[in-house]
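Heads up, the thing below is written out as structure tokens.
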Amino acid sequence: MLLVRQLFGASANSWARALIIFVLAWIGLVYVFVVKLTNTQGQQAAGESELNARRISQALQMLEHTRQRNEELKQLIDELMSDQLDKQSAMKLVQRLENDALNPKLAPEVAGPEPESMFESAPADLRGWNNVAEGAPNDLEAGVPDHGEFEPSLEYEFTRRRIQTNIAEIWNFFSSELGKVRKAVAAGHASADLEESINQVLLQGAEHKRSLLSDMERMRQSDGYEAWRHKEARDLSDLVQRRLHHLQNPSDCQNARKLVCKLNKGCGYGCQLHHVVYCFIVAYATERTLILKSRGWRYHKGGWEEVFQPVSNSCHDAGTANTYNWPGKPNTQVLVLPIIDSLMPRPPYLPLAVPEDLAPRLKRLHGDPIVWWVGQFLKYLLRPQPTTRDFLTSGMRNLGWERPIVGVHVRRTDKVGTEAACHSVEEYMTYVEDYYRTLEVNGSTVARRIFLASDDAQVIEEARRKYPQYQIIGDPEVARMASVSTRYTDTALNGIILDIHLLSMSDHLVCTFSSQVCRVAYEIMQTMYPDAAHRFKSLDDIYYYGGQNAHNRRVVIAHKPRTHEDLQLRVGDLVSVAGNHWDGNSKGKNTRTNQGGLFPSFKVEEKVDTAKLPLYAGI
């Protein structure tokens, strides 16, 4: 106290007083600084802890990525040692490794933004016409890990799809065999307890199958490659569309080589679309501009160009040059193409072949490359005129289109009893119900909707009566106009265009592939997803293209005949497939033994046929 009085009293020296005040103030500032620094360090420590966690996660992913690259390097070395690797493949892998070294951003949070749509060429309000539909399920879910630049191997993608297919095939087998036993039990050949046991096995087996398929779908969505699948699908489609645009718009139309295709093939709308696609494929393969002769079209007398955009912006007719029928000569300027059934000689690039230069990418991306390939031609051809687009938009709005939804196409009238068997509404709805139960396997509840298209108006009325728990969208008037007597009118054309459009936009398709309308919808569906090969259930045929070359599958598991109906198969044999019985067995002919018969569907894999086609360099 005495010291304070001496320092601050009247007799104290002013300089001493100032010095003491300065020291005290300095001490106070130091104290405040230390407190602030301590708090800041605590916050930084917490932030660094979170940052370290992210870095550890990145490091783990980098280690996994490095492991994958090490495996590729090992394979590369093995191939080099056995002289099986060409220089181009080696350089490609080296470039990939160098790119990875220069771009270490591997963590999910640095992945690029989600694409807003699969393809951006179509108007957004069309909701799926050659585009991803508005409201369509986006596989790039928020929070799903994404490898960004990582690419899946061909083996991984092929194996994943094969497991998905074989899950369905094993269920086909067991449900068919147990169904036979159940019928025998019901006929009085066994006890009621045994019948109940079989029913329980079927119920639990179906639930198990749905669970496995749901798991496979979640695996696809969460394996980190979904961004690559969307980008690869978009890039491949853009490449093909640019090539088609280049082909169809030559700089010198008068001297351009042309291929004339007459639209009026004597068949229905789906068949005629496939006829034009076949013409377009031949035009692509021979580097000829497609000239589509459509005046007087039986569906619309004004021709194709009044419904869809012209197939060319600058080259609309064959000109004055002499025309020659197929195959003509290499220097023939204008070539006229017959229908595919009359085409002789038959070139190797007809369906089911895909271009050799695109095949490696397509086999990795898609479960059925030929369907994707056909879908790309339909994408180019079916670009709607504004009036057609407006009609489709208003049609969807008037019907109350919502997702999720299953597209169901029931073909009756002229098909039944000639080209296809009659299937009851209950058969279609069995697979619709199975689809929705698969969606609900995790305990969620999904509104059940179907879009029902048919050429028999009574089918829509019957379905609404028998299945009131479903919201059934369909127009009986469109169905009535699709009957044989009124099929070839403008109104009927609008109806079938709308039907195919909505079927192709559905999340899943239940139909008969014996119908060309159903196959066209399935082909267009491929333009809306990276891979929609499994988004269907056909009650009869497997997918085929009318007039196609042989459909071969390669044997991967040997098979010893169980009965006199079975084929004997060796690993590596080629089987020309005739169909799937949807009971675990398919029918075909072993090309080695020339023997026809049945074989287990899971013992073969698809052989993708390829053909050397123009590369359209610089496009």
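Glycine is treated like the rest: Cβ placed from N, Cα and C.
These numbers come from a predicted model, not from an experiment.
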The residue range that TrEMBL labels motif 'SH3-binding', out of 142-148, 149-155, 345-351, 534-540, is 345-351
TrEMBL lists coiled coil for one of the ranges 28-55, 56-83, 84-111, 392-419; which is that range?
-> 56-83
To the nearest whole angstrom, state the Cα distance for the pair CYS271 (disulfide bond) and CYS279 (disulfide bond).
-> 13
Would you mind listing, in sequence order, the residues at least six apart from CYS253 (disulfide bond) in the same chain with a Cβ closer than 8 Å to its Cβ?
-> THR289, SER314, CYS315, GLY319
Long-range same-chain neighbours of CYS261 (disulfide bond), Cβ under 8 Å, sequence gap at least 6?
-> HIS275, VAL276, CYS279, PHE280, ALA283, LEU290, ILE291, LEU292, LYS293, LEU337
Spatial neighbours of CYS518 (disulfide bond) that are distant in sequence (at least 6 apart) but have CB under 8 A | GLY270, HIS409, ARG411, LEU503, LEU509, CYS511, THR512, SER538
